[in-house]
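Noted in TrEMBL for the protein shown:
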{"type": "DOMAIN", "residues": "37-122", "note": "domain 'Ig-like'"}
{"type": "DOMAIN", "residues": "136-219", "note": "domain 'Ig-like'"}
{"type": "DOMAIN", "residues": "240-322", "note": "domain 'Ig-like'"}
{"type": "DOMAIN", "residues": "327-411", "note": "domain 'Ig-like'"}
{"type": "DOMAIN", "residues": "417-504", "note": "domain 'Ig-like'"}
{"type": "DOMAIN", "residues": "509-603", "note": "domain 'Ig-like'"}
{"type": "DOMAIN", "residues": "693-790", "note": "domain 'Fibronectin type-III'"}
{"type": "DOMAIN", "residues": "795-891", "note": "domain 'Fibronectin type-III'"}
{"type": "DOMAIN", "residues": "892-987", "note": "domain 'Fibronectin type-III'"}
{"type": "REGION", "residues": "876-899", "note": "region 'Disordered'"}
Amino acid sequence: ASLSLSLSLSECISLSLYISLSGSDCHSLSGARSLGPVFEEQPMNTLYPEESGEEKLTLGCRVRASPPATYRWKVNGTEIDLEGNGRYSLVGGNLVIKHPVRSRDPGSYQCLATNPIGTVISKEAFLRFGYLSQFPTEERDAMRVTEGMGVVLPCNPPPHYPGSSYRWFFNDIPNFLTPSNRLFISQVTGNLYIARTWVNDTGGHSCYLTSQIDYATTSVFSKPIPLAVQPVGDARQYSPNIKVKFPSEIYVLSGQMVNLECFAPEPTLQWRRLDGTMPFKASGTLTEPVLHLPDVQFEDEGTYECLAENSRGKDSVQGRIIVHAQPEWLRIISDEEADIGSDLEWSCAAAGKPRPACRWLRNGLPLTSKGRVEINNCALKILRLVLIDSGIYQCVAGNKHGTIYANAELKVQAFAPEFQSNPVRRLIPAARGGEVMIECRPRSAPKPTVFWSKGTELLSNNSRVSIALDGTLRVRNVSRSDEGRYTCFTENFLGKANSTGTVSIREATKITLAPANADVNLNENITLQCHASHDPTMDLTFTWSVDGSPIDFDRMGQHYRRAVAREAIGDLTITHAELRHAGTYMCTAQTVVDSTSAHATLVVRGPPGPAGGVVVKKVNDSSVLLSWSRGSDNHSPIGSYNIQARALLSQEWRNVRTGGCWDLFPTGKGCDTNAILYLYCTSTPERLTPTVAPSSIAGGGGDRHEVAVTWTPVQREYQNGPGFGYVISLRRQGTEQWVTARVAGAESTQYVYRNDTIGPYTPFEVKVKPFNSEGQGPFSQVAIVHSAEEEPSVVPSRVSATSLSSTEMKLSWEAVEQVTRNGILLGYEIRYWRENDNEAAADRVRTLGLETTARVSGLRPHTLYHVEVRAYNSAGTGPPGPSTVITTKKAPPSQPPGKVSWKSIGSWIRIKWDHVKALENESAVAGYKVLYKSDDQSGIKLVETSKNSVQLPMAEDMSYLVEIRASGEGGDGTPTKVRISKHSGEGHPSGIEVKRSFGPPRQPFLLLLLMLLLQ
């Protein structure tokens, strides 16, 4: 659709699906997706027989496009006038040429297809005419030669295309001459070479030329050349003289065939390669006049020689085969959708010899480096894309052997943000204490500016909340206060959009009973326990892996089973354990919002492996001395070795007593020296009840209403048997009733007891004893363990704040008791936020101990901050005390000292500079700081002065780097840097390094709008 010139840019952009600006018109397609022209058929090289009876010639061209494309054609770079020339017509996209003529129609043809999206141009197709003219009708000159001499009969073929084959006949058809060592017909020139003439060669010789064009064979022949051979009594032999030579340089395309011709009067011919081995594919023999090399490749490049030799001497000719290649693509371009205002980078790469050069087309027209377009051979870059950059682009690579085209469509997009296809998730569950990420991915071009809000509060980056470059909101250390509605606001120069989701806080998933390290004997069963607590509103699943590989229970069900029908229990049972089942097992409990894992090591004990390296050390009459190396004990100590042997002619293995082998040979004849010996091992460990109790009973921490108990496991040598585990007994301090639990696994180190009646930081008496399959061992000593803490309830008081500089403040407060009924305090948390910010956006700093003073840096100059201090322990942060406010000092002077000069006075240098005047929003200049350092010193010296000059000591033959900066209560300002040496005498700095800061940049969408208007 063509719209009026008064149509605004924003109206053009709002049209549906695809927009292409051409001049001041705006084109739109609605409904089907638009598609630029893509070739389905391109014109092919064509050989047209001139004698063909066809009255027309068709060159094919077809594209896929929406809306349909229109077609144009070029010949030799000039567009064909299809309307004004009746010889040309279009059938679909095909070009039809009526009555083609060799004098005007040969050349390079290209098809161009155009629709509203762009124009694409086809590869070049060459139209050539096949023809074969007649030989001249004039009689040919006669030739005379003495018998035994060589002679060349020229063919002088008539004009023809393509190449043809040559034969000669004698006197009349079909007396065709057969090539031999005496006769040679060149397929290059058509000439007939007779190396040694005979008297019976006298007669007429005619050149016979055959051309095959499009399955049709045509032949013509010349008038005969009369040849008279004068007989002599004794024909003499001549030294070799090569008459048919090949060029010194032969250029050939990779994959083609090379034929090298070499002929001399009756010598012996020999072909060889001078710089390598003759290719195996060289057809024929290496003593014939023609060397055939089919399917030439780059490794066939080299120098080839033809050597002609007889008893009178020798002659040779050499030529170098140089292999070239047509261009072929290594990397092509592909369709691209890009945002308005963004940059486009495309590159293509082609192989070939000579190396192909690249050029670029847009909509069929050459593209050059100009303005926003940068072209570097095969690389194209367009800066700050605008809508009129949309179209069909082609990378064209070519050398003298051909040209190839790579096509791609560029769509420059511009539309307002919208969330219809990808809104913010409506409900986002998050685990308490974890983190939540909320994606904001609107469809927008250009990329929009993104803001987030929680309720009515605008969010900004701080230590807990961050907004990524792609617009994703990330909240760390999630708590109940983070629940609520979150809205993503997006905006570009075409409009705005927003989408809202609700964050719902769920209880974190926790492993309450982790799998413990365990031992199991071969072919026995063992269960690795894994229990977890989770938010009751969500489903809990357990997965297991061994040595990092997930366990496939469907495929490995013969040995692995997991607990079923109990949601909080994910125990793994290994049945009929094999040695290969040993490894590190990881249990993962997960919900849709979080996951947690715990791992344990399983040792599978089995009979020892075979002994190795059995060696016969010594052979006596009735005994042998053996030695061997220990095999794998498979985690079972080797108790003894059994030795078995059999006679060479016997199939029965029998145990052999050490010290003799009479059991092997009842006849008492002694040991056969040819006996074969076999070793294997057994183990029989002793089983007892445990005798040693666990040590280091401790605990604490965990979640609310929990008591966590830890211990150091019993070492393996004291476990005394399989089925090892621990019995945990605990009770509230001051009560009589003990609570008992069993934990399997010799390497278990923790047990968590949960009861909703347990208060915070409640003392418990705890003792632990071991057990195995034979019974229980002794209890450990009783230890006092406290239940989990809760957040402190105490409040720091008398909070005061002092501004130290423009970016730093000092805080102090009155201490609170370290031990409270909720737990033991670990330190204090300082929260501070700017006057116009919400408390939820506060930055946080924690002390590492119970210090009552702290310094906070990284503040903004001349800004009012609210500050509060809270106590914290392992459970979290307590309530705040009364907040206070503080205003940081003004920023330090931003201007560096100017007009620095210096003068040498004896062993001193006096340096002067202009006073610095502070701006209105900067702190007053209180003095100056001068830092200086010589080239051979690593230390820096500081001089402070209230004046605008300073005198510094300076050694001979030394240069100094000096920095001068103004200082005030807001801190130190920007320095001026100068390099000074005594030999410089009086002087001024040749260069001053000054770092300056600038105001905040404008909104990105304003810049984009300005850019678009400029375009």
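Just so it is clear, glycine is given a Cβ too, placed from its N, Cα and C backbone atoms.
Heads up, TrEMBL stuff is auto-annotated, nobody curated it.
Since the structure is predicted, the reported quantities are computational estimates derived from the model, not experimental observations.
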Just give the helix, strand and coil counts over the domain 'Fibronectin type-III' (795-891), going by DSSP.
3 helix, 50 strand, 44 coil
Tell me whether the domain 'Fibronectin type-III' (693-790) sits in contact with the domain 'Fibronectin type-III' (892-987), defined here as at least 3 Cβ pairs under 8 Å among residues 6 or more apart in sequence.
no
Pairs of Cβ atoms less than 8 Å apart decide it: which stretch in 37-122, 327-411, 417-504, 892-987 has the most with the domain 'Ig-like' (136-219)?
37-122
In the predicted model, what is the mean pLDDT computed over the domain 'Ig-like' (327-411)?
95
Count the residues of the domain 'Ig-like' (417-504) that DSSP assigns to helix (H, G, I), to strand (E, B) and to coil, and report the three numbers in that order.
3 helix, 46 strand, 39 coil
Count up the helix, strand and coil residues in the domain 'Ig-like' (136-219) according to DSSP, in that order.
3 helix, 37 strand, 44 coil
Residue distribution over DSSP helix, strand and coil in the domain 'Fibronectin type-III' (892-987)
3 helix, 48 strand, 45 coil
